[in-house]
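*Asks:* Mind looking over this structure? Questions follow.
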Amino acid sequence: MAKEFTVPPVVFPSGGGVNPSVGNINQRRVPTAPFQPSRPPSSSSALPFMSFDMGSATSSSVSLGGSISSSAATGSASFEDEEPLLDELGIHPDQIWYKTRSILNPLRVNSTAHKDSDLSGPIFLYLSLCLFQLLAGKIQFGVILGWIVVSSIFLYVVFNMLAGRNGNLDLHTCTSVVGYCMLPVVIFSAASLFIPQGTSVARYAVAGVFVVWATRACTNLMVALADGGEEHRGLISYACFLIYTLFSLLVIF
């Protein structure tokens, strides 16, 4: 025997929708208008960026152009007043050439040119010597630099020990003199590229000439630039001879 169930009738609203409490995912929502603040009727209270004054814009552009042109003129004038870059770095090519040229005369060395000591010229001669040694197949950058430093300190100590309290030779001047007097050794290093390796007698003879040249130049400068060196000229010459002999042997071997 089948049991009967009574189903209550379903009543829909007149609009054909469902109960709003249940919700319908297929039902569209009507978009609401965004919030719009009320604008004041007067145009005097408008926002600042909405107003544009042609006269003020022209005056501001004129003032801006004037300030740019005046700053450009000031910048160009300041650049013209500045010293060259080499002078700011303490490198004076004319002075370096003048000092180097004074060493070229082995009989008479101009000591007045070396009263103002510098290290730009010695560094240039050091790099030149290293370059010629590199062309000869010898990489001796560190060796040459170390020997220059040790030679300068050695000559500085020897001179001040000989001169005693009268010695006024500083290490900077001593390094400058030793570096500039490296010019004969640099010339010998360049000339040794064209001397055959088998002729050892000729190489030693040429090396002796350049060593005597460098020794004489360095001794004259050391005696002329410092006080109390004239009476110890022989010992200073011996120390200079040892220094430049080592550099010449470095070139030969």
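Glycine too: its Cβ is placed from the backbone N, Cα and C atoms.
Take a look at what TrEMBL says about it:
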type	residues	note
COMPBIAS	13-24	compositional bias 'Low complexity'
DOMAIN	104-251	domain 'Yip1'
REGION	13-44	region 'Disordered'
TRANSMEM	142-162	transmembrane segment
TRANSMEM	174-195	transmembrane segment
TRANSMEM	201-223	transmembrane segment
TRANSMEM	235-252	transmembrane segment
*Asks:* Could you count the residues of the domain 'Yip1' (104-251) that DSSP puts in helix, in strand and in coil?
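*Replies:* Tallying H, G and I as helix, E and B as strand, the rest coil: 113 helix, 0 strand, 35 coil.
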*Asks:* Summarise the model's confidence over the domain 'Yip1' (104-251) as a mean pLDDT value.
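*Replies:* A mean pLDDT of 90 is what the model gives the domain 'Yip1' (104-251).
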